[in-house]
Amino acid sequence: MKKTFTLFILSFLMAFSVFAQQDRNCSTMQNLEYRQQLDPTLQQRMDQIEAYTQQRIAEAQNARIDGSIITIPVVVHVIYSNSNENISEAQILSQIQVLNDDFRRTNADANNTWSQAADTEIQFCMATVDPNGNATNGITRKSSTRTSWGTNDDMKKSSQGGVDPWDTSQYLNMWVCNIGGGILGYAQFPGGSAATDGVVMGPQYFGSKNGGSGFYLSAPFDLGRTTTHEVGHFLNLRHIWGDGNCNADDFVSDTPTSDAANYGCATGHVSCGTTDMVQNYMDYSDDSCMNLYTQGQKARMRAVLLPGGVRASLGASTKCDGGGSTPTCTDGIQNGDETGVDCGGSSCSPCQTACNDNDVNVTITFDNYPEETAWTIKNSSGTTVASGGTYGSQPDGSTISETLCLPDGCYDFTITDAYGDGICCSYGNGSYSVTNGSTTLASGGSFASSEVTNFCVGSAPADTVKPVITLNGNATINLTVGDTYNEQGATATDDVDGNLTSSIVITGTVNTNSAGTYTRFYNVSDAAGNAADQVTRTVVVSPATSGCTGGVSSFPYSEGFESSFGLWTQGSGDDFNWTRRSGSTPSSNTGPSSAAAGSQYAYMESSAPNYSNKRAILVSPCFDLSGVNNANFSFKYHMYGSSAMGSLSVAISTNNGSSWTTIWSRSGNQGNAWQDASVDLSSYSGDAVRLRFDGTTGTTWQGDMAVDAISLTNGAADKCAGVSPWSSGTSYSTGDQVTYNGYLYERTNSGWVNLGPCGTARIDNQGFVQHLGVAISVYPNPVKGNTLFVKTNVENLPYTVVNMLGQQVAKGITTSKGINVSQLEAGLYLVQFEVNDTIETRKFLKQ
């Protein structure tokens, strides 16, 4: 994404437990903010590094970047508080293998979805020499009583109980310890302090389940991609969405613009007008979804490792044996005229002198850039049985030939070019061939990033395995008459022929103009004639209805979200979900501190990535108002935070959600208190309706909105009926009720409490004490100027003004000049008047 150059990162993503599966949570950006607070000069150094990086990338566009393989020595510091966290050496080595596969583009899940996928020509090895020159396996271990380490780098300091790094100019230091807080890992960007340089991962996210058994790993982050992601940060890569909206930047030109992180495996997701690269290691997808770095990311990482880069000394370090790759008989190492010499290493069998299977010859004539060319041969199980490249030591235009001994079977030959222009004919006239005797099995030269050819040698076993068809989407689809049926298709794979999706035959019709049950049939056969098991999809077309059905028909109805959302469901077409909560919301200075009733409430969490202008919808069950004459919908709501916190509305639908009409709404800060709302639904009597809360966040994370104590009733009797009016000559006791000026009052220990207007309107239960016989009002309300006037039949009343936190902000005695509110910030306030031995309270809003 080439956009405006901006280095300051605003926030990091938090994962929430409301989902059935844990989301990826990288804390690199949080650690960067922490380090910037400790070191005010860090941003300047990072700006200099960024300028140098952009210069090197620009130079590479005209003269290709150095194609030599860079090998980085690794030391792993395991800090553990229990046996699970003390992970095995096998688990550690499985992680190094994943790093090498991912960075060299030899990962088994690599595919051609994105043509800009790259072999970064960066690899990793366990250090074999420690800083004192002694032999090592590259692993240190330390037992600790500390169970979580956070993100402030304590694990990197022996003074804090951690382990000091080895020389960070010569080793990539990896700390494996429990970070806590649901954080998978974090890294330090280039330019930070050498005393804390490196990457940190939780033990259950370090290593791959494919590398052995008995490992301590946690799905869906059990394939080692957390470390691939964090090492990307360590080598100067940002999150692919730029940690912002469509205007944010990850400083890489060939990654698509995205407005937020992707989770799970949201392939095909579109944002900012393009398809998101959810398979990129720098997104937040699950491990099994990730499979590539791009050419642009490659150039950016290599720029910091090559001479002149900030990590050049690490790229040139010789603290290991060159990558730890297992020597083979086909690795290009020649023994000349010597005989009886093994290919090297205790695990390597002697090279065969004769082939008892099938001689297969791989011949490659290079173009002018041999250092870009590599190849692999994989058997039908996907195991690599032979490989070569890249060939940085070969002369331009030269030819190599390797003879392999392959058992009978079928294989995939893959040739790759790191620059993406093949080996013919832009920069030389290269070519390749794979032969078995006089039979050419594969050949070519003109391709882009890679080319794959399937071939078989010897007496390949007969293909008797059926292809497998997998439906896209649900096996049953429910529609209403008049809807449009959109075919979701299916995929088909075969163990020999590979992807057969384009060969699937779909039959069966769906008539959405007529109610009924329809069936779609999916069939495919492979080249050997094996037919897949037929797969079907059922499409149910139901008659159109004017409203919703089922649901609630007995009233009064109430919901307080105490044990669940009850019959309320998350809406569709929004950006995130409502959440149940007890106590205060996670963010400060926003949201309620407790429920309005009971212990639970429903709320919208406005922290990143849920702002700006992101919607969350909560939909009611169907309310059957056929027997209701005077329906009334009431609830408590809480909107406290920034003045730009967003809006909340209630909408009603009489056609089961096909369309909605807004019947109530509020915008902006409503004060740090639960407010009452009541909506008259009498005009919908006889209908079947749904209601929904529709919240839209503003431009700030301080915008949590909540609802509670929901009620739908069939009207109410006049609560003042049978209650006597107040009389100054009557003595009243606690619990007595009277009417006064059209309102119902009840006597309490501290005075009279206003229970709301007479009639069937809702009760105003703010709990403000009203003193019968004393008339006090404040105006204008809201007040936009500097003066709040007081109208009262009692002169010289002492008053105190408090904000919604209970803090006193003004006090004085009432006069005809009113109350000076010029120094008050915009918001909701209470003015408390002292009347005899009690307090009379009025609310006002300062704008």
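Just so you know, glycine gets a Cβ as well, placed from its N, Cα and C.
Automatic, uncurated: that is what TrEMBL annotation is.
Residues or ranges marked as compositional bias 'Polar residues' in TrEMBL: 135-151.
Residues or ranges marked as compositional bias 'Low complexity' in TrEMBL: 579-596. Same-chain residues lying 6+ beyond the ends of the compositional bias 'Low complexity' (579-596) with a Cβ under 8 Å from its Cβ atoms: 16, 18, 560-561, 564-565, 602-607, 636, 638, 640-642, 645, 672, 674, 701-706, 708-709.
Residues annotated as domain 'MAM' in TrEMBL: 557-722.
Long-range Cβ contacts of the region 'Disordered' (135-162) within its own chain (Cβ-Cβ under 8 Å, at least 6 residues beyond either end) map to 27, 30-31, 34, 73-81, 86, 89, 92, 126-129, 173, 175, 177-181, 183, 186, 195-196, 198, 200, 320. For 135-162 (among others), the entry in TrEMBL reads region 'Disordered'.
The region 'Disordered' annotation in TrEMBL covers 576-596 (among others).
Annotated signal peptide per TrEMBL: 1-20, in sequence order.
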| Per DSSP, what is the residue count of the compositional bias 'Low complexity' (579-596) in each of helix, strand and coil? | 0 helix, 4 strand, 14 coil
| said: Over the span of the domain 'MAM' (557-722), how high is the average pLDDT in this prediction? | reply: 90
| request: Provide the three-state DSSP residue tally for the compositional bias 'Polar residues' (135-151): helix first, then strand, then coil. | output: 0 helix, 6 strand, 11 coil
